[in-house]
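Among the features that Swiss-Prot reports, region 'Disordered' is placed at 1-28. Feature annotation from Swiss-Prot assigns topological domain 'Cytoplasmic' to 2-49, 347-361; the stated evidence is sequence analysis. The feature N-acetylalanine is assigned by Swiss-Prot to Ala2. The annotation region 'Interaction with ATP8A2' is assigned in Swiss-Prot to 49-348. For 50-70, 326-346, the entry in Swiss-Prot reads transmembrane segment, with the evidence type sequence analysis. What Swiss-Prot lists as topological domain 'Exoplasmic loop' is 71-325. Here Swiss-Prot flags Cys91-Cys104, Cys94-Cys102, Cys157-Cys171 as disulfide bond. The N-linked glycosylation site annotation in Swiss-Prot covers Asn180, Asn190, Asn294 and rests on sequence analysis.
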Amino acid sequence: MAMNYNAKDEVDGGPPCAPGGSAKTRRPDNTAFKQQRLPAWQPILTAGTVLPIFFIIGLIFIPIGIGIFVTSNNIREIEIDYTGTEPSSPCNKCLSPDVTPCICTINFTLEKSFEGNVFMYYGLSNFYQNHRRYVKSRDDSQLNGDSSALLNPSKECEPYRRNEDKPIAPCGAIANSMFNDTLELFLIGNDSYPIPIALKKKGIAWWTDKNVKFRNPPGGDNLKERFKGTTKPVNWLKPVYMLDSDPDNNGFINEDFIVWMRTAALPTFRKLYRLIERKSDLHPTLPAGRYSLNVTYNYPVHYFDGRKRMILSTISWMGGKNPFLGIAYIAVGSISFLLGVVLLVINHKYRNSSNTADITI
C-alpha cells in the first residue's frame, strides 16, 4: 500500500500517527546532553601555559631517570654462558647425544662481593615461548588437580596429550619442553677445595601459582598412586611425582615446574632457578673470589640455535638490573626540557614583532 508523503512527518522523523494514537518520532529528547548543548571548557594553549609544562616534565623526569639508572648500575650481576657450541668451551663435549649424563664445570671469578640475597637464574635465547600454539598447549584443569582432566586431558595438549595409550601428566608442549639442567655453585677456597654454596629451591614461584593455580590430584599420601594410570611427558627423564623428595615441592606443585609453566613474552628470557640467602650481616653472601659452576647438561638448545646461561644477580627496590627504564626517563625529560628551551627562544624572538602574528601553540 502506498503511503502519502507529508513534510511534517519527515521533520518529526517518523510516519504519520494512526487515528487515535500518539505520534511516533525518532527525534532525540530535547535535553542538553542529547542535543550536545552541555557547557564545555576548551583551554587556549599559549606560550605562557605550555612552556612551564615542558620544563616541569623535564625537571621531574631527569632526576627520576638518573636515580633509576644509578640504582640499576649498583646491582651486581654476572652472566655465565654454558651453551658449549665453542670448541674451547668445557661444555662442548656435552653436545654429543652419546654422552648421557654429561657434567661440565665452568670456572669464573667474582671481582666484587655480592651483598644481600642473591638470585640465580637460568636464561635461554631464541626460544619462542610466546608462539600461539605453544602457549595454548596445556590443560589448566589438569594442573589444578582435577581428577577427570588428569585421565582425559584437553585436546589443546595435542600432540603431547597421550603416549603409549596413557594420558600424559602434565600434558602439552610447555610441560614437555621443561628446562631440566642441574646447576651447582661452588666457592674455590684458598686451599683450592670447592665449598658448595647453599641453593634454596623453594620460594621461587609466585604465591598465587603455588597455592591457587597448581595442585596435585586428591588422594592419599602416596603421590605415585594419585598419578596412577598416567605417563610422563615424552622428553622428561622421570615422572612428575619424582621431581623432588620433598612432598611439599613434588608433583604439580614443584616450584621449578611452576616457574617454567609461566611462559615468557620474548624469545630471550630468564627464569628464577634458586635463591642464595644471606646468612650474616657481617659477611657478604658471595664474597669476591674464584667460583665454579657444575652443570648437569640435559637441555639441548643447539638444535634451534639457542643459547643457555646462568645469571647471578642482586636486586634493589626497583627489582633486577634494568638500565633501559632509567635511560627512557632521562631521554623523555631531556627532550621535553630541550623543546621548552627552543619554544621559549622562538616565543621571545617573535613576541614583540609587529610583522608576525602572535604565536600560540
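Just so you know, glycine gets a Cβ as well, placed from its N, Cα and C.
Structural mapping of features recorded in Swiss-Prot.
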residue	record	Cβ neighbours (10 Å)
Cys91	disulfide bond	21
Cys94	disulfide bond	24
Cys102	disulfide bond	17
Cys104	disulfide bond	18
Cys157	disulfide bond	24
Cys171	disulfide bond	28
Asn180	N-linked glycosylation site	15
Asn190	N-linked glycosylation site	7
Asn294	N-linked glycosylation site	15
Q: For Asn190 (N-linked glycosylation site), just give me the three-state DSSP call.
A: coil
Q | In sequence order, the recorded positions (Cys91, Cys94, Cys157, Cys171, Asn180, Asn294) whose C-alpha falls within 10 A of Asn190 (N-linked glycosylation site) | A | none
Q: Using DSSP reduced to three states, classify Cys102 (disulfide bond) as helix, strand or coil.
A: strand
Q.
What whole-number Å value do you get for the CA-CA distance of Cys157 (disulfide bond) and Cys104 (disulfide bond)?
A. 34
Q | Alpha-carbon distance [Cys94 (disulfide bond); Cys104 (disulfide bond)] in Å | A | 8
Q: Give the distance between the Cα atoms of Cys171 (disulfide bond) and Cys91 (disulfide bond), rounded to the nearest whole Å.
A: 31
Q. How big is the gap, in Å, between the Cα of Cys91 (disulfide bond) and that of Cys102 (disulfide bond), rounded to a whole number?
A. 8
Q) CA-CA, which of the recorded positions Cys94, Cys102, Asn180 lies nearest Asn294 (N-linked glycosylation site)? A) Cys102
Q. Rounded to the nearest angstrom, how far is the Cα of Cys102 (disulfide bond) from the Cα of Asn180 (N-linked glycosylation site)?
A. 13
